[in-house]
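**Student:** I'd like to ask you about the structure that follows.
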């Protein structure tokens, strides 16, 4: 390696010279251009002899500024008693060899002093025996002897693993470099000559200057048993395990102290201040006090664990025992955090003044914002700390398995918290921004959102899938979609909770994360959830809202709406024997026996004849009734023995019970209507109700025809649906038209203004010419 290459490598490794973006073909010219203004030289002498140059020009613009910088460097070199060059030798480049000799002498003179400085033993040019592996300076090797000594030294340390400790901070300037902080332990993966080594820190591999670190001797090395194999490392493992555990305790104490300081110094005084209302302060605070108290409890528990002998430590077990509290505290905090950020945004000026009056540094709002976000950062830190502890823990340690379980639990909790925060932020956005095509009262009047998620839905038998955002309130389910430009949300409809029937489809149809919503007031909807967690949450919340005294057992998994109606009433009655009729407690009306709408108008034909035949034949055999009832879906396959029993007395008893239920309802209906007749109950037959409909065809011809009530209702339903769609399209077209008109108006005004200015300028120019 020639002197120019060695000097380039030396200056880059010291951090006083920036790495070139491309490979240097001529190191001498590179040095001339880099050192000409004297800034690099002043940085160098300050690095070698701190305080040698108090002030120098960082951005010299003139020759005098450059010469002054060079003179400052030469003054510092005088204390090293080396032969110096003239300032003009460097600035003009005429006698650059003297500059090189001076720099080489400075390096040699400071070699012994740098053993205690960031450059270390490798900072000298004699140690930089090869090219820099950072792809900026490519130089050949000239000292294989020292390289072989380093490799031999690594072999003696065990498993060819060289471990170093950072003595000073180093910030990466390229993507392939590694940023290190003072005290970091780096596992060297590649030793190259030239002052740059490759190593791994916290799972990231990159290049770092070798003279910024020092090698850890085997006697002082706190290594993990998993990092070295082939020799006894129990004392080293114990040493580093203790260090990591103490780090966990120290950071936990500091975290608890920061939370307590924020609560006492800022949040509690803010409560007595008039900047925020009671509701806003509650949103800002959330469950911060509970989190603060819990962290102090956790800190005490970990301290108690550390007092036992090392082989009896139960850090993982302690965290697992407290994991339910962790989950409840942090999930609640994450759910409230978007609302707290909204309060911070709305009252940023007032809160900033308050924080600064309380002693916070400017800007005060930043202190409050970052402090309220610390629980999230700490939650992520738990995973890293526990992984580090597990790395330096023996596999036979009694707490090893609990540590692994705790790592998984914290990773899961961290993911849940992130998802919950995103969901709540989206929910807050929906509630705070106007919704396009919204119908009815404001969405805020519906109360709090119980659950919200993005789903994919299908209408009826339609195979087309649509993305929707479902918002569940206590009384209604709101359906929204993203606007075409993804700038907001559009209203797509709502489903009342009353009368809603929810069925799981994962069990019935074998589809994962799917359920259906049906009811008398809504068309069948199939909902596909994104994951099983959302699916379980939807089923739990919908079951809770729809399953009750007024829902009439709407969650029963039967395919027949009429059967589900009858059986649901029986579930609300008093306990009775197998053949006793139910005792009707709630008021009953004839409308309760109205049949569900058929899938097609012709499905109800012959209903009266079938009913009369059923009631006539039921007196002869109970089995006759069973033939005309909807077949029930079996939950599981019955064995042969169960099948035989089913065909015997159980079948007769069940059929008789169904018949008694129907007869009881008919009797109750007759009683409520004030009649005591034993005849067949009056049933509304939509197909027999005829209406005279006058229609006008497209050709202008008027036709009068007779239609059944069912046909008329379905025709009206289709017309209403078409009208709604047309109305929605007209609203969208109107909005687009208004927007286009506004844009056109702005454009016209702009053109008129430009035209007016042109006319004025032309008239003024003509006037000046005439004058």
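Any Cβ shown, glycine's included, is placed from N, Cα and C.
So Swiss-Prot says this about it:
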DOMAIN    1-111  domain 'Calponin-homology (CH)'
REGION    115-157  region 'Disordered'
COMPBIAS  122-131  compositional bias 'Low complexity'
MOD_RES   126  phosphoserine
MOD_RES   133  phosphothreonine
DOMAIN    159-218  domain 'SH3'
MOD_RES   224  phosphoserine
DOMAIN    240-420  domain 'DH'
DOMAIN    442-547  domain 'PH'
MOD_RES   487  phosphoserine
COMPBIAS  556-572  compositional bias 'Low complexity'
REGION    556-580  region 'Disordered'
MOD_RES   639  phosphoserine
MOD_RES   679  phosphoserine
**Student:** Can you give me the average pLDDT across the domain 'DH' (240-420), rounded to a whole number?
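**Tutor:** Reported value for the domain 'DH' (240-420) is a mean pLDDT of 88.
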**Student:** With DSSP as the reference, give the number of residues of the domain 'SH3' (159-218) in helix, strand and coil.
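**Tutor:** Residue counts in helix, strand and coil order: 4 helix, 30 strand, 26 coil.
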**Student:** Please work out the number of neighbouring Cβ atoms within 10 Å of the Cβ of residue 487 (phosphoserine), leaving out its own Cβ.
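**Tutor:** The answer is 9 other Cβ atoms.
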